[in-house]
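Heads up: the structure comes next, in C-alpha cells.
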Amino acid sequence: MNQWEELQESVGFDFKDVELLKQAFTHSSYVNEHRRENVKDNERLEFLGDAVLELTVSDYLFNKYPDMAEGHMTKMRAAIVCEPSLVEFAEAVHFSKYVRLGKGEEKAGGRTRPALLADVFESFIGALYLDNGIDKVVTFLERVIFPKIDAGAYLQTVDYKTQLQEIVQRDRDVLIEYDILGETGPAHNKAFDAQVIVNGQVLGKGSGRTKKQAEQSAAQFAINQLTHR
C-alpha cells in the first residue's frame, strides 16, 4: 500500500482522481524543485476549500443553533476556521506526514509549520469537494469538526489577546508587543504573519487573513504554550 492509498483509507474516501488528492498535499516549494514533473501546488485548492469549509460550517451552525444571533454565529465560525483550529484538525488526521515539500522547506521545518498545515487542511477540503461532492465533505466534517461543535468547544469564543494579557499579568506588570512579520499571497487572498513578544521573549506566532486575525492567532498559540508547560 502506497502513501496515497494509505491516506484514502485513513480519511475513509476513495478518490476518482488521485492526482487531485496529491495536489492537495503539494506545497509550492515542491513544485519549484520538480518542474519537469509538471505538478501543481495546492494554492488554488486551498482557495476553494476555504470557501467550502466556511459554507459547510455556517450551514451546520445555522441548523444546530436556530435561535443564535448572527453575530455570535459569526464569532463561532471564526473560531472554528481560524488557523490554530485548522492545525488541530489536520494533526488529528495526521495530514503532515503526507505533505510534499521541497528540500529547503523540509529542512526549515515546514512540515510542522502551522500556516502550512492549515493550508493543507483547506486544500484537502477543496479536493474532496471537487472529487466527491459536498455530501462527502460534510461526512468528513462529521468525523473531524462537528463533534467538537456538539461538545460546546466553541460556545465561549474568546478574545485571545485579552486572555493572554490576563494570564501574563496575574503576578506582575509585563510588556506585550505584537509584530507583523510580513504578508504573502495575491491581493485577493493575502495572509499576514504575526508574533507576540512578552518582555522581549517571542511566545507565539500565527497567521491570518487580516493583521488582527494574525495577532489573535499568535496570542492563541502563546496561550497554548503557557498552559501546556
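Every residue gets a Cβ built from N, Cα and C, even glycine.
What Swiss-Prot annotates here:
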{"type": "DOMAIN", "residues": "4-133", "note": "domain 'RNase III'"}
{"type": "BINDING", "residues": "Glu46, Asp119, Glu122", "note": "Mg(2+) binding site"}
{"type": "ACT_SITE", "residues": "Asp50", "note": "active site"}
{"type": "ACT_SITE", "residues": "Glu122", "note": "active site"}
{"type": "DOMAIN", "residues": "159-228", "note": "domain 'DRBM'"}
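Neighbours of the Mg(2+) site: apart from Glu46, Asp119, Glu122, residues of the same chain with C-beta atoms within 8 angstroms of the site's C-beta centroid are Asn42, Glu43, Leu45, Phe47, Gly49, Asp50, Ala118, Val120, Phe121, Ser123, Gly126. Local packing around the Cβ, expressed as the count of other Cβ atoms within 10 angstroms, is greatest for Glu122 among the binding-site residues Glu46, Glu122.
Geometry remark: Glu122 (Mg(2+) binding site) versus Asp50 (active site), CA distance 5 Å. Local packing around the Cβ, expressed as the count of other Cβ atoms within 10 angstroms, is greatest for Asp119 among the recorded positions Asp50, Asp119. Asp119 (Mg(2+) binding site) and Asp50 (active site) have their C-alpha atoms 9 Å apart, to the nearest angstrom. Regional average pLDDT for the domain 'DRBM' (159-228) in the model is 85.
Look at Glu122 (Mg(2+) binding site): DSSP puts it in a helix.
Asp50 (active site) falls within a helix when secondary structure is assigned with DSSP.
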